[in-house]
Amino acid sequence: MSRARTAGFHITGSALAVLFLLPMLWTLYSSVHGRRAADGGPGWGVDNYERLADYGTGLGTYLLNTVVVAGVAVVVTVVTTTLGGYALARLRFPGHNLLFLVTLAILMVPYTTILVPLYILLGWIGLQNSLVGLGLVLAMFQLPFGLFMMRSSFEALPRELEEAALIDGCTPGSALWRVLLRGVLPGIVTVGLFSFLAAWNEFVAPLIFLTDGAKFTLPVALFNLQSGSLGSVDFEALQAGVVTSALPCVVVFLLLQRHYVRGFTSGALKG
Amino acid sequence: MATVTRTRPPAPARPTPAGRRPTIASARRRLGLLYASPMALLVVVLFVVPLVLMVWMSFNHWPLLGASSPNGVENYSALQDPFFLRAVMFTLKYTAVTTVVLGLVAFGLALLVQETRPGVGVYRTALFLPSVVGLASTSLLFYGLFNTEASPLNELVRWLGLGSVDWLGSTDNALGSAVGMITWRFAGFYMLILMTGLQSIDPLLYEAARADGANRWQIMWRVTLPLLRPTLALTMVLSLTGSLLAFDQFFILTGGRHETATVVISVYREAFLSQDLGRAAAVSVAILFVLILVNGAQMRLIRRADR
C-alpha cells in the first residue's frame, strides 16, 4: 500500500466519520448551549435540561417508565429464549419443530401490522396502558432473533460438556444452571443488548398502547413535547431530550460493541 | 444415552405405564416442554392469537369504543380510499429512492472499511454509531436541523449564498430530507452487513483475477458483485421491508402533512383518528399479504443466488 493511498484512505475516512458524528455533536452542543445565549447570558448551562425535567409529569418519570419497559423486555426475552433455546437444541420434545417455525414466522409479520389486534387483545387481558404489557409485546418481537441466537449458542457447546455434568450427577435441569449457562453467556449478552436497544427506542407501540400521560416512555413524551405545545417549539429542550434518550444507547453499545458485531456476523439479524 | 436409566424414587401416586421406569429420554422430553412453555405461551398469546384476531376483525364493524358486528368485506373498501392510495404511491416512491441511495452509500462505506488496517476500527465505529440512536430520537434530532427557525443547516445554506431552504415545506423536499436522514441513520448498519459479505470472499479469487490481467473495474463486476449477491439481496430485503413500513420519520418530521402520509400512518389514522379498527385491520391484512409475497420472492432470489 503506497503512502499516498494510505493518506487518501485516512482523509476520506476522517471526513466521513466527522460527517456522521456531526449531527450528534450538534445536538449535544445545542442541548448545553441554549436560550441563555439568545437572552444575552453566558450561553453554557443545563437550563435546557432543567426545563425538560419540568415538562409534563417530569423527565424522571419518563426515564423510569422507559427503564421499566426495557427491563421487562430484556428479562423476558433473555429468560424465555435461553430456556427455549436449550430445549430446542438439546431436549427433544413433542412439537419442537412447530414451535421453532411459528416463532420464526414472527419475522415474516412486521410488528406494525398486528398492533391493532394487539391493542384489543391487551385490553382483554387487562394489560392495556400497562408498562409490563408493552414490555411483553416488545419481548415477543425479539423472540426470533433471541431463539436463533440461543439455540445456536447451545448447539455450539460440545455435547461432552453436558454428558460429563450428567455423569457427575447433574440432572438435565441442573446441568443447564451449573455448567452450560456460563458457556452461552456471550449469546445471552447479545440477545439482551439487541432487546434493550429495540425496546428503549420503540416509538409506535408505546404511542398506541399507552394512553395515560404519566406512563409515557421517553420517545413518546418527547414527541408530545415537539407536537403538543401550541406556538413555538422549545428546540433546545427537545435536543436535551434527544441526548437523554440517545446517550444510554451509545454508552451501552460502546461497552458491548464486540457482542453486537458478533450478533451481526452470526447471520441472524432483524432490520 | 437412551439405555442409561437414572434411579429415582418410585412415584407412588401414578405408576408408570407398562411397568417401564422413566428413562432419561422421557425426563428430557418433559423438561423440554417445561422449558419451552414460557416462550410458547408468549408466541401463542401475543402473536398467533392477534394474527387470527386481525383477520376476524377485518370482517367486522369494530369501533374503537362500543360493540362490534359482522359486516362482511365492507372494511376492505378502505383499500380504495383516495387517502390510502396516495399513501401507497408515496410509500412506494420513498421505498425506491431510499433503497437505491442507502444501498449505494452503504456499499461505498463497506468498500472503504473492509480491509483491516490501522485506524479502520475508529471509522467503523463512527459510521455505525448513528445506528444505535432510536429512529424517533433521530427524527426529533433532524427536526431540529430541518426547522426554519433555529437550524444550523439553514445558516450554512445561507452562508453558501443559496438563500433559504424549507426542508420539510413540500412533499418533494420532505421526501429528500427524510431519505437523507434515513441514510445517515442506517448506512452504518448496512455497511456492517456488506463488510461481512466482502470479507467472506476468498482472497485467492482476487489474486487469480489479477493474475489473469483483470483491472479493478472488471474485478468489481466479475468477482465481487456476483459473490456478494446473497448479502446484497439480504440488505435489500431489510431496506424494502423497513421503508414500506415507514412510520416514525414522517409521523415526526411532517406529521404526515402535504401528502407525506405513509401506508402505516394511514392505518394509524383509520384506527385511532377515524376510530374504525375494522378498516384498520383490513388494511393491515392487505399489507401483510403483500409483504409476505415480497419477502417470499426475495427469499427465492437469495436462495438462487446462493447456488
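Placement of Cβ uses the backbone N, Cα and C atoms for every residue, glycine included.
What TrEMBL lists as domain 'ABC transmembrane type-1' is B:88-298.
Here TrEMBL flags B:1-21 as region 'Disordered'.
Per TrEMBL, the feature transmembrane segment maps to B:33-59 (among others). Long-range contacts of the transmembrane segment (B:33-59) within the same chain: residues 68, 70-73, 75-76, 277-278, 281-282, 284-285, 288, each at least 6 residues beyond the stretch ends and with a Cβ under 8 Å from a Cβ of the stretch.
The feature transmembrane segment is assigned by TrEMBL to B:94-113 (among others).
Look at TrEMBL and you will find B:125-146 (among others) tagged as transmembrane segment.
According to TrEMBL, the transmembrane segment annotation covers B:187-206 (among others).
Here TrEMBL flags B:227-247 (among others) as transmembrane segment.
Under the heading transmembrane segment, TrEMBL lists B:277-297 (among others). Here the transmembrane segment (B:277-297) has long-range neighbours at 54-55, 57-64, 68, 71, 75-76, 78-79, 84, 237, 240-241, 244-245, 263-264, 266-268, 270-271, meaning same-chain residues at least 6 beyond its ends whose C-beta is under 8 angstroms from one of its own.
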Top partner of the transmembrane segment (B:187-206) among B:94-113, B:125-146, B:227-247 - counted as Cβ pairs under 8 Å: B:94-113
